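For reference, the structure discussed in these notes is given below.
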């Protein structure tokens with residue numbers, strides 16, 4: 001085992017040696033300063049790398065980040081780092097971390113790394129003067145020396161996540177004349193030592209995030225060379241005036257500081273080199289310029305070098321307030337603005353990985369919006385509108401109406417909004433050309449999504465997801481011409497729209513001209529006025545690509561069948577998940593072929609007619625769920641059941657009129673009059689509250705002896721099916737069965753069995769439960 005591990009480390013060392021630049025090698029070693037499997041964020045790593053000058057000659061934080069991403073990509077492609085779920089962080093595997101620590105320790109004692117070991121005492125350092133970087137992250141150190149040994153070469157010190165460390169003596173930093181990066185995140189201190197001032201000509205990055213007891217940070221104002229300052233989640237009630245001296249600061253993180261109530265005027269505007277300012281869920285007591293004791297939004301707009309900006313602006317009146325020249329916001333690469341507060345809103349932004357998001361809660365005095373809102377709307381990727389009073393349609397936020405960069409639009413509780421888009425005489429050439437997600441919910445006056453003349457064909461051309469919920473006045477979703485432009489649409493979900501009569505509108509288009517080619521999912525929930533599902537859809541949609549179909553609480557449907565013919569149902573070749581719940585009109589899922597469409601042959605001297613075989617129906621179906629369809633007597637013909645070779649889950653609940661799961665037509669029997677139906681992938685079968693169910697299979701003429709073979713069945717549940725007389729399972733269906741549930745033992749004992757061993761196996765499972 002040891003030899004094998006040595007070979008692995010040797011391989012990692014070889015990959016390290018093949019890295020082309022010393023800067024990339026150093027970035028790799030910096031990642032070893034963090035505990036095993038730690039999520040190393042780019043925000044932290046860039047500060048570490050800047051402190052050690054490993055990012056080359058850079059003038060801006062943006063350049064530094066760009067160089068870092070290049071190096072990280074190289075390390076990932078070399079197998080030395082693992083990418084996280086998004087670009088915000090990377091992970092170093094524990095074996096790679098061990099190898100990196102081994103490499104670091106052999107480089108002339110450059111690094112002292114003891115992370116996540118549960119240490120309670122400060123390490124004894126024999127050659128502290130040679131050490132360039134030290135990490136004691138993730139331990140339980142209670143105390144650090146009053147005076148440290150001479151650490152004259154130390155550039156990086158990380159004591160993060162030592163929560164028992166409540167005090168740092170005044171003389172602690174006295175011997176660290178070259179310290180450039182200091183990480184004290186997530187420790188228990190309430191103030192900073194005065195000796196920190198001695199680092200005023202060298203310290204470039206300071207991390208104090210998650211120091212929830214920390215209140216006094218005034219000493220930081222002496223650190224003239226500081227470029228990165230992270231105060232996220234600290235306990236400071238006031239940003240001290242001394243911070244205004246940090247004129248080299250490029251990044252300031254004030255996120256999630258719950259008690260921050262005061263920022264003196266001119267402090268923020270003094271940080272004229274600031275490129276990134278993060279104040280989400282933090283300070284929000286903005287004042288008009290020169291009118292109070294707190295900072296103004298005009299100070300923020302004065303920072304012309306900003307590329308990232310996260311702000312809370314709780315007063316909706318600011319939307320119509322001029323806060324100064326903001327044309328430079330055109331170069332903002334990341335931003336989040338909030339005038340709406342609530343759990344659902346923050347959840348919306350946590351899901352966003354595109355970093356250009358705006359959440360607005362408007363009032364009647366929010367309009368007309370100020371120029372800074374127009375600038376943001378032109379660059380926003382994700383827009384969330386919540387309880388927007390005074391807003392009739394979204395064009396009020398951007399009179400030019402283009403929304404060129406918008407990818408996601410989510411509107412909730414738009415109580416006065418009658419149209420999402422209301423286009424009048426002057427219209428832009430194109431609108432929403434990059435929109436991918438449109439969600440509308442609780443818009444009780446909404447009459448239509450679009451009103452007015454349609455414009456450039458590229459409008460809505462990239463829409464992938466359309467979700468509509470609780471829009472009671474909505475009768476039609478989109479005008480037919482707009483439907484034809486949704487060539488990239490993948491998901492439709494419509495719920496609780498009481499007046500909606502039809503989903504698709506295709507007047508003027510013939511069947512065969514379908515151009516919605518990518519639709520994968522249709523979900524229709526609680527639509528009491530819906531009269532038809534497929535009328536209008538067939539000319540528009542390639543049903544062959546549909547994977548998910550759910551129809552629930554749609555009791556005004558005029559057809560007694562979900563699929564109006566066998567030929568029509570054969571279009572759904574990719575369908576994997578079919579859910580039908582509480583749809584009273586359905587008698588069967590698939591209607592029988594109309595006799596008028598049959599074939600008649602008379603007076604022909606032939607003995608045999610060869611008809612082409614019918615293609616399978618639902619051959620990719622994996623999950624079938626039917627609930628509370630009280631008109632349904634039978635699900636489908638047995639030939640369809642035979643074709644469900646991919647079916648994994650089969651649920652039938654609460655169907656009062658159901659007599660049989662399937663019905664017989666003409667079927668291929670074996671020589672002895674038997675028939676075996678094989679569902680090779682079925683894992684779960686549950687039948688519940690089917691009072692009239694008498695058999696799995698019905699028939700028209702004569703009934704062959706049918707056996708259901710499910711070799712992978714693991715869970716079988718049968719509840720409240722008092723008229724079911726026989727379970728058509730053979731021994732092959734109980735080989736992997738782990739769970740068998742019933743609620744009537746007496747019913748079970750009266751069942752007829754073709755093979756007594758099946759009953760014995762099921763009885764054993766009952767006794768185990």
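Glycine residues also receive a Cβ, built from the backbone N, Cα and C atoms like all the rest.
Remember, TrEMBL labels are computer predictions, not curated facts.
Per TrEMBL, the feature domain 'Disease resistance protein At4g27190-like leucine-rich repeats' maps to 435-584 (among others).
According to TrEMBL, the feature domain 'Disease resistance protein At4g27190-like leucine-rich repeats' maps to 614-727 (among others).
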Overall pLDDT of the domain 'Disease resistance protein At4g27190-like leucine-rich repeats' (435-584), taken as the mean: 87
Secondary structure content of the domain 'Disease resistance protein At4g27190-like leucine-rich repeats' (435-584), with strand meaning DSSP E or B: 11 helix, 41 strand, 98 coil
Secondary structure content of the domain 'Disease resistance protein At4g27190-like leucine-rich repeats' (614-727), with strand meaning DSSP E or B: 5 helix, 41 strand, 68 coil
